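Here the structure is laid out as C-alpha cells; the discussion comes afterwards.
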Amino acid sequence: MAVTITLKTLQQQTFKIRMEPDETVKVLKEKIEAEKGRDAFPVAGQKLIYAGKILSDDVPIKEYHIDEKNFVVVMVTKAKAGQGIPAPPEASPTAVPEPSTPFPPVLASGMSHPPPTSREDKSPSEESTTTTSPESISGSVPSSGSSGREEDAASTLVTGSEYETMLTEIMSMGYERERVVAALRASYNNPHRAVEYLLTGIPGSPEPEHGSVQESQAPEQPATEAAGENPLEFLRDQPQFQNMRQVIQQNPALLPALLQQLGQENPQLLQQISRHQEQFIQMLNEPPGELADISDVEGEVGAIGEEAPQMNYIQVTPQEKEAIERLKALGFPESLVIQAYFACEKNENLAANFLLSQNFDDE
C-alpha cells in the first residue's frame, strides 16, 4: 500500500511524494530530483533527515516508520552559485573563495580607519599576502567587492521571527532546543551551516563558548605578519568596541542588523576587516569584561575611533518607547528588551515571543 511522504526544505517549502513501502530512500531521492529538478535537488547532494537521523540510501522507507502526519527534512549540500566553499588550510592565497557566511560587524559609520602607516610599512609582496585570506571560516566577513555581495551574505542569516521559525524547523528534525541554539550560535545563525554542525558535530564545546571559534581556526598567520602586527589593534582599547563585542557575544541574533549597518555606513572599514579576518575574529572572541547594554552600544556605534562630541544616537519614536516599556513590564531587563526589540525588527509581538522562548535570566 502506497504511502505519502511529506517533505520540507530549510526554506520551508513543503511538497509530497508517493512511495511504496518497499522502495528505498535512494528511490525517494530520485523522485525528489525528478519533481524538483536536478539543478536544485541533485540526488548526490540530498540529505534526508527524520527524527534527527539521516536516512540511508539502501534502506527501505518502511524501516523508518515515517508518520504521514510528520515530515522529512530535505537538505541539499550543493554549493550555491556565486558563493565559495571554505578552502582547506593549504589553499593558495591567490584563490580566495567568497565566504558563505558573513561575520558580524560590530562597528559603524563613525569608526575611524586604521593608521595609514600600517599599510605603507609593507612591501607589495607582503601586502598581497596579508590582504588575502587563504581560508573562509564560518565567522568570516563578506568579500568587499561590492555592496551586492554584502547583501547576498546578509541574506544567509536569519533573525527575529525568521530565527524563531528556523529554530522550530530544525528542532522538528529531532534535536533538542539547547543543541539547536548552540549550533545556530556556532554558525552565526546560518541555518544550513547549523544543520551541518548538528549532523557532523558542533565545533568545540556544545555550550556557547566563544573561544571554540577561535580555537577551530586554521591555518597559522602568514610569515610576513609578525606577532603584534595586527592592523586592527587600534580598536582594542576603545570602550565602544569593547561594549559592542560584549553585546554580540550576549545576543548573536543582532549580527545581521549590525552586518547591514556596517556595509551601508562604513564599507571602507568592512574592506579593511575582510582583509584581516583572523585578527578581527580573535579580537571579537576575547573574553568580555563587565556586561554592556545594547542601549549604550547603539549610541556609541558611530563614535568608535572618534571623539565623544561626534557620537551618534539611535532615536526611537514615542510609540517604540511605549512598546519597549510594555515588554519591560513582562519582567525582563531593559537591556534584553531592547536587544530583542531591535533584533525582531521592532515587532512587539515577535520580541515578546522571543524573550519568553529564550528564558533569559535577569542580569
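Every residue, even glycine, has its Cβ placed from backbone N, Cα and C.
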Among Ser136, Ser146, Ser212, residue that the record in Swiss-Prot marks as phosphoserine: Ser136
Overall pLDDT of the domain 'Ubiquitin-like' (1-79), taken as the mean: 88
